[in-house]
């Protein structure tokens, strides 16, 4: 493996064509798009999370009762159900889908596998280096030249600084072979660069890129907040089940958002003419008589 000398993450304006963005990701393992999400959208998203009382936190799940989460961090899930701004605006952001279309152009449809809203406070320790793709353990057996099946988007909703734990990224690490968990654990933070960003930027991460949240230093008194979206080829199962969403909420969504959350039939590229997530070999949406863009009561 080779660490680039004086590496820098490439940055692009939000008007940059998605194929150009994805080429940077293919070359370096990461790219940053600036000013991609309006600040007003972020502020209203924060209000949904903070004020509705519907946010669900991983730290509260019984399944994680034996896990030692840092007390300075919180991870909210169930964002589609919690936040109207997330499900109606962020999930329909054209740039996000242009990026995903470029990423999965040879694989067919894609969908949202997981969405997490993370907050860290002073004293939060640095994460261990990792690859997000290992949510699906089979992917660890892929070679660097194999088709990428996932893409992570990290969206700061407050500024990312070195002091408050900006994500550390190892450029070019998506091309490294034979990286065992032990090899990754042995990496030094000196091998990485900090992804300092403003609220509303988007960082695009290749599935094999090694990265970690940095340490939120005690003297950095601000709260760092971010939205982590994991999109995958529709050929991989979603982490968040579509069955958890009530139908009236689903029918308030756009057709695109319905597909993202698993309520429509998806089609991989190639010889599969039926699709996946079907209803009696027809489309799920037709079989269910699913409507879209409906006003949700209450």
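Glycine residues also receive a Cβ, built from the backbone N, Cα and C atoms like all the rest.
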Next item on the list: Taking Swiss-Prot at its word that 130, 132 bind Fe cation, choose the one of 46, 211, 216 listed for that site.
Entry: 211
Note to self: Just to verify: the residue among 130, 211 with the fewest other Cβ atoms within 10 Å, which of the binding-site residues is it?
What the structure shows: 130
Margin query: For a quick check of packing: other C-beta atoms within 10 Å of the C-beta of residue 132 (Fe cation binding site), how many?
Written below: 22
